[in-house]
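Down below is the structure, laid out as structure tokens.
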Amino acid sequence: MASLIVTSVILSLSLALVLVPFVRFTARKIGMVDRPDAERKLHQKPVALGGGIAVFVAATASFALTVIIDRWNGTATLGYMQPQWHILYFAAACMLAVGLIDDVFSLRGRQKLLMQCLIIAVIVGSGTIIDSIGLLGFEIELGVFAFPITVLWLLIAVNALNLIDGADGMATTAAIIICVGLGVLSLAGGAALNAVVAFGLAGALLGFLCFNRPPATIYLGDAGSMTIGLLIGVFAIWSSVKESTVLASAPVAILAIPLFDSSAAIVRRWLTGRSLYATDRGHLHHLLQEKFGPYGMLLVVAVLCSSTTILAVLSVTFDLPWLAAAGVAVVLGVLVYTRSFGHAEYRLVLGRGMNFAKSFATRSHSADNAKLHTRIPIQGSGNWDAVWDQLVEFAENHELAKIRIDLNIAWLQEGYHATWKSVRQPEKAFKLVVKLPLFTRRQSDGEQASIGILEIVAPAIDNTVYERIADVSNKLVELVPQIDAIIVDLEANQSAKRKAVAAQQDGLSPVDKTAPTDSIPVSHS
């Protein structure tokens, strides 16, 4: 068995090392590249897409060759392929095609989600169903919820890998460790074929990492990240030690880091009022790269994923189901406690809970005068409190029912969210809700850029409400110079930081040499 795993890894690694340069050359030739922009994609030059094609072909070919070698030797160690394998690879090929279309034509979020659901429905309809969930040694039967829960799990897996694919080598590093962990669990459960495929996928990703490490020359693209996420999600179900219809805690623990990142993104967008499809630079890789640099970020991610994976494997080895959950809790707790990631989301949840409790405890006769107020710097160092304090004072003086600001300045990695409102809000028929976009002028290109939104709610009991709206507009005009000044300071700090990092990479101090910023590997989404 060990020889087959080694064979699978060597074959997939070798094929990836050959295929990736070819795919990269072809992608550049036909213009299938990820182009930088001024707001979110901050890499300095176009980078080839399509890395997922090379990874998928290398992993699939190595799987087929390993099975042929096993049959040729007459051992049949891997057994015979069940129909579910054919369906899985068909679905994976379809997911790859959807990802390629998205990479080239940029599908809308809902269009991509619909295609993902259809592909996943094919897999679930073929018999890959989570009948029960293993939690701390107990099994929870899902009954009629088995189908939707399985679809939801695979959707989460697909998009979790897709969301963390935003920095050079990030998704690739995490996926390698996850595949190795799932391969070990498959071996422990006697699923030889699963193990060979999982290790083979890890080998293909390892070969791809040689070209995807900072500074990357090719990206997985949505085609790669979604396909790998689908395969990993299915392997997590199939790798259960007990039976392939149980989603155990160990496989989930192995995927803890990407799952935490995607969960935090959903919480962050939901509690700030943004669309779930909105993009920002508040993901795990963005914050870790800002704190530790591109290579430091990869090291931290590798340590985090390895920690949860090792503890998950140990929990199965020693039959201690609680160990996987406890390990995940500790790892995620360290991230939040050190404010490396998740602290802003924790504060958003805490703030929402405290406001709910205060509102619930407020007596009816004092509800008109009671106010709820939260302000949360999500990321960055801009002095947004100074702007917000003036808006709150304005709201109090003009008897507004609510004022909310949400800033999402992706190109500066700045985020700020604050809400001030009365406990008792006006009835729906007697309130005016206005959402005003906020803008600034980028110093880098002189273009106007959206930085967030200001929402106001005013009692609409007479025509004086129109005067309040006009007053709000005038107040925003008054605040524009202050907002622009904050942006200028932030852009200056960012420029100085990049030059310092570039100079350090060249072995010189910032005083000795001003290095070009295009030498700095940066995240691409």
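Heads up, the Cβ atoms here are built off N, Cα and C, so glycines get one too.
Note that TrEMBL annotation is computational and uncurated.
Per TrEMBL, these features apply:
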- 6-27: transmembrane segment (TRANSMEM)
- 47-67: transmembrane segment (TRANSMEM)
- 87-105: transmembrane segment (TRANSMEM)
- 117-138: transmembrane segment (TRANSMEM)
- 144-164: transmembrane segment (TRANSMEM)
- Asn162, Asp222: Mg(2+) binding site (BINDING)
- 171-189: transmembrane segment (TRANSMEM)
- 218-238: transmembrane segment (TRANSMEM)
- 250-271: transmembrane segment (TRANSMEM)
- 292-314: transmembrane segment (TRANSMEM)
- 320-338: transmembrane segment (TRANSMEM)
- 501-525: region 'Disordered' (REGION)
- 516-525: compositional bias 'Polar residues' (COMPBIAS)
Stretch with greatest number of CB pairs under 8 Å, the transmembrane segment (144-164) reference, 6-27, 47-67, 117-138, 171-189, 218-238 candidates: 218-238
Neighbour tally for Asp222 (Mg(2+) binding site), based on other Cβ positions within 10 Å of its Cβ: 25
Other parts of the chain folded back onto the transmembrane segment (218-238), taken as Cβ under 8 Å at six or more residues beyond its ends: 20, 23-24, 27, 34, 47-53, 55-56, 88, 91-92, 95-100, 102-103, 112, 116, 119-120, 123, 128, 130, 150, 153-154, 156-162, 164-165, 171-172, 175, 178-179, 182, 186, 191, 194, 197-198, 201, 205, 208, 211-212, 244-245, 247, 251-252, 254-255, 524
Within-chain partners of the transmembrane segment (87-105) [C-beta distance under 8 Å, separation at least 6 from its ends]: 32, 34, 49-50, 52-53, 56, 60, 112, 115-116, 119-120, 122-123, 126, 128, 158, 221-227, 230-231, 234
Spatial neighbours of the transmembrane segment (320-338) far in sequence, C-beta under 8 Å, 6+ residues away: 134-137, 248-250, 252-253, 256-257, 260, 284, 304, 307-308, 311-312, 314, 346
Considering the transmembrane segment (250-271), which listed stretch of 47-67, 117-138, 171-189, 292-314 counts the most C-beta pairs under 8 Å: 292-314
Tertiary contacts of the transmembrane segment (292-314), as residues 6+ beyond its ends and Cβ separation under 8 Å: 167-170, 173-174, 177-178, 180-181, 184-185, 188, 213-215, 249-251, 253-254, 256-257, 284-285, 320, 323-324, 326-328, 331, 335, 340, 501, 520-522
